[in-house]
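The block underneath contains the structure these notes are about, expressed in structure tokens.
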Amino acid sequence: MRFSTEGFTSKVVAAILAFSRLVSAQPIIFDMRDVSSSADKWKDQSIYQIVTDRFARSDGSTTADCLVSDRKYCGGSYKGIIDKLDYIQGMGFTAIWISPVVEQIPDNTAYGYAYHGYWMKNIDELNTNFGTADELKQLASELHSRSMLLMVDVVYNHYAWNGDGSSVDYSSFTPFNQQSYFHDYCLITNYNDQTNVEDCWEGDTEVSLPDLSTEDNEVIGVFQTWVSDFVQNYSIDGLRIDSAKHVDTASLTKFEDASGVYNLGEVYQGDPTYTCPYQNYMKGVTNYPLYYPVYRFFSDTSATSSELTSMISTLQSSCSDVSLLGNFIENHDQVRFPSVTSDTSLIKNDMAFIILGDGIPIIYYGQEQGLNGGSDPANREALWLSGYNTDSEYYELISKLNQIRNQAIKKDSAYSTYKSSVVSSSDHYIATRKGSDANQLISIFNNLGSNGSQDITVSNTGYSSGDKVIDIISCNSVLAGDSGSLSVSISGGMPQVYAPSSVLSGSGICNQ
């Protein structure tokens, strides 16, 4: 379906391009909505990331073939997502993030088809493989009726071409149908050179990703108009920005301001001194600096906690707002964690850490079913083949973790912005406190493994002697000892999450 049904056409885009030339490429000024208000709303959310083509089909099939190595469209759709919102909400998620929605190159390339949504051809058309404009609007409406939010993945760093960069037919792109809108062809060769990162091209000689000159006011002006209309037409609450570190930084701010909603930028870099400054240009950043130490600690029982505890502190001092970082342990670009370890206790600990740490938790579809695909394309499985089992041990764990996070936010308006502190640690466990006095959660994460056990005492909890606290995972209760300390036993390597009984009152958690 064309966006033209909403009053936004290729002709309008062409007019904008022509007008911007007439005014000497001066930036277009918009009546901006309140991005900060949107960002504040997102701090309290828990996001379920969906690869639209692989989550749920319109026909409801749980047997339809989807061979990931074929890299073909498998039939996932907006209607499929709508029909499975109970499944998502049953895990306590308050938002979803879906794949890019615009028209893709149609070719069967050396890397298959563009089922993932990152090979853009035309921003004036929707990708009809996922459904119609009305179905996308219905998805937003159904989410909002449940007080849930919609985040859509957006690409504005590049287009895509099936072939070498020297052979690109720019006239096939809409609306940027001339080479002058793009950087000259050169593949990125040095990721330590920011000019090379921003001005050269991602991709390779098989599938080229022509790099837009987003620093050009003509180009970013079109995207400002486009995203403003796009967000309003489809009632979108937030945007995930693909390849953000490859975009001119000033353009990131212009785009977010024009969108009027929270933007979560993909900055694929584990160094916080590189990643954190991107919050000067957009509100949110994917938390790769946290991803790597989390991955290393929870995937290896011989790893020690020092790197992870250090990174918690470093992010708090380096990033302007850790509550707006997007935390994850799996996504469409990374291997699934169960492909690295089959130890269920380690998998549960990393899930708990992601959901209960500083920032916005993002769980990748299929984590709740223990999907174990490795590198792309193996990590983009069809979820329907799992049967959407709500009795899965990971589905039940994620439900509990989201439930306690949502309850903590309900009881304590400062919970999301309260910075976690590591109150106790050793080589193989970390205990954190998050939340204001009388409402704080004490979470204990470990990498002992399913055969591991350890008796520990956690001090500096902020509890008072005699306070009753409950581990929401096991539902076992403990009385705080002298000075509020907790003496507990880690058994079977399981994480523990303690909350005061007063916080749980009326929640239904552990029958409270």
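Residue numbering: from 1, along the chain as shown.
Heads up, the Cβ atoms here are built off N, Cα and C, so glycines get one too.
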Item to check | Candidate annotated as N-linked glycosylation site in Swiss-Prot, where the set is Asn233, Asn451 | outcome: Asn233
Item to check | Among Glu142, Glu198, Glu266 - the residue Swiss-Prot places in the same Ca(2+) 1 site as Asn157, Asp211, His246 | outcome: Glu198
Item to check | Residue among Cys319, Cys510 that, according to Swiss-Prot, closes a disulfide with Cys475 | outcome: Cys510
Checklist outcome for this item: Among Cys200, Cys319, Swiss-Prot lists the disulphide partner of Cys276 as Cys319
Checklist entry - How many Å lie between the Cα of Glu266 (Ca(2+) 2 binding site) and the Cα of Arg380 (substrate binding site)? => result 18
Next on the checklist: I'd like to confirm something. Which of the binding-site residues, Asn157, Glu198, Asp242, has a Cα closest to the Cα of Arg380 (substrate binding site)?
Outcome noted: Asp242
Checklist outcome for this item: The answer, for which of the binding-site residues Asp211, Asp242 has its Cβ ringed by the most other Cβ atoms inside 10 Å, is Asp211
Checklist entry - If you draw a 10 Å sphere around the Cβ of Arg380 (substrate binding site), how many other Cβ atoms fall inside it, taking every protein chain shown into account? => result 22
Checklist entry - Which of Asn157, Glu266 (the binding-site residues) has the most other Cβ atoms within 10 Å? => result Asn157
Item to check | Lys245 (substrate binding site) in three-state DSSP notation | outcome: helix
